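As given in TrEMBL:
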TRANSMEM  20-42  transmembrane segment
DOMAIN    88-514  domain 'Major facilitator superfamily (MFS) profile'
TRANSMEM  172-189  transmembrane segment
TRANSMEM  195-217  transmembrane segment
TRANSMEM  229-253  transmembrane segment
TRANSMEM  259-277  transmembrane segment
TRANSMEM  340-360  transmembrane segment
TRANSMEM  372-394  transmembrane segment
TRANSMEM  401-420  transmembrane segment
TRANSMEM  426-449  transmembrane segment
TRANSMEM  461-483  transmembrane segment
TRANSMEM  489-509  transmembrane segment
């Protein structure tokens, strides 16, 4: 009985058909890159101060001194959320008293911004923050908006696999693409923060679903040797390309509604791909739609200019394949023994903390010194060499040491930021980008590492559960950025410390490099500190070690 790869081997690995699928599916990921990070500019918070009405009867001196000063990063700046009590300073102005000379400003009563705020337009013309005054008492709404987007991502993660199994990969891909693009367009017409945020949750659901289904479709159509390249140089790199496009769009379009409109255009341009991207033949076979699957393979053979066998799919043979029964596993199997429970708990921490570091660094780029658009572009650009480095390291070196190494690199340089003088902004930005490089490299290796640790029975479940922990990390991440409003280096101290802790945790994992993939719970490697029971390829029955796929989202 042959498997699908043997049946379709006559197509070759890298013909015109495979190249077309590779690049079209990768291109469909580009909108995910800028939709996932668009809140960086849609929710940007410009410098602001309390508005003093033009109708207030104040002299020019009192108008210039109507806002109290506060200490921020070692220098005095106007307070963003307080002003001197307007009635009091109006009386002083009417009496001809001078601020600082006749009146001690430190003794004056203060009040909140009763007349709203004045926002600087040096960086943004408008954002959802300026539109709905999400500052001071309402500044918690901005990180909540981002967190709720990632709640949508979490919800989408639950349903996208079931939808694609039920309705097909192609139908689900374009349906979720429509959800992402359509609801992004509807956000333009938001009349309040609540409407914007609810729509943003739905965009998050479509965003991750589109990403995952495109990934599944590519891995099911492409051959073994191309899959690992597709999952790194394809999916991940094109995601980074979309991320790089975001600051370019935002630089030229400073109004948040027009920016959202511009960001929906690439999504619309993806819909003609419907006529070029086929359904997954593997899925069609699982649904016993052999004729449709054969038609797709014949078209691929024609495109690749290779002869087609008289019979591609033997219905009897494929019926046997689809009727094979697999042993069922439940989530409690991930905690069945002390060893597997320890590995699972450490894996959940590893994924969650790595996700916190990745998304917190990505979302924090506007708060770095210098140009917000350039910093965001650099943050996206650094991901490309990070993915390539991860791919090269995974081919030759032990997993836990390379993951721990890049985590120590990322966390270590983030901890160094607190010692950089305020005047050396370029050095701080360089350290942040190096930290992003390390954490992104680690993130892109986690799928491989987790899949190699767990036995076949629970492998998919383990990867699914641990990747869900990463969604929890992304929900928490905006609040690390939020802490930067109180202390510039505090987020980096926390992220650096947690990343170094993550690296230490990684060293306690068993090594999977050079080991045959375990088939049963008993064959799993032992956590460091337990009595070693690892089995090498030589000591286990010889078996093919299938290619493991890499993805970073």
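Note that the numbers count up from 1, one per residue, in the order the chain is shown.
Placed from the backbone N, Cα and C atoms, the Cβ positions cover glycine too.
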Chain residues outside the transmembrane segment (426-449) and at least six past its termini with a C-beta under 8 angstroms from it: 232, 236, 350-351, 354-355, 357-358, 361-362, 364, 368-370, 375, 378-379, 382-383, 385-387, 389-391, 393-394, 399-400, 402-403, 406-411, 413-414, 416-417, 420, 463, 466-467, 470, 492, 495-496, 499, 502, 509, 512, 548-552
Residues of the parent chain within Cβ reach of the transmembrane segment (372-394), under 8 Å, 6 or more residues beyond its termini: 33, 37, 40-41, 44, 123, 228, 232-233, 236-237, 239-240, 243-244, 246-248, 250-251, 361-362, 365-366, 402, 406, 429, 432-433, 436-438, 440-442, 444-445, 448, 550, 552
In contact by Cβ distance (the transmembrane segment (172-189), the transmembrane segment (461-483); 3 or more pairs under 8 Å): no
For the transmembrane segment (401-420), distant same-chain residues with Cβ under 8 A (at least six beyond the ends): 354, 357, 389-390, 393-394, 427-428, 431-432, 434-439, 441-442, 445-446, 449, 489, 492-493, 495-504, 506-507
Cβ contacts under 8 Å made by the transmembrane segment (172-189) with residues that lie 6+ beyond its boundaries: 28, 31-32, 35, 156, 160, 163-164, 196, 199-200, 202-203, 205-207, 209-210, 213-214, 217, 257, 260-261, 263-264, 267-268, 270-271, 274, 277
Rounded mean pLDDT for the residues that make up the domain 'Major facilitator superfamily (MFS) profile' (88-514): 84
Best-contacting stretch, by C-beta pairs under 8 Å, relative to the transmembrane segment (20-42) and drawn from 229-253, 259-277, 340-360, 489-509: 229-253
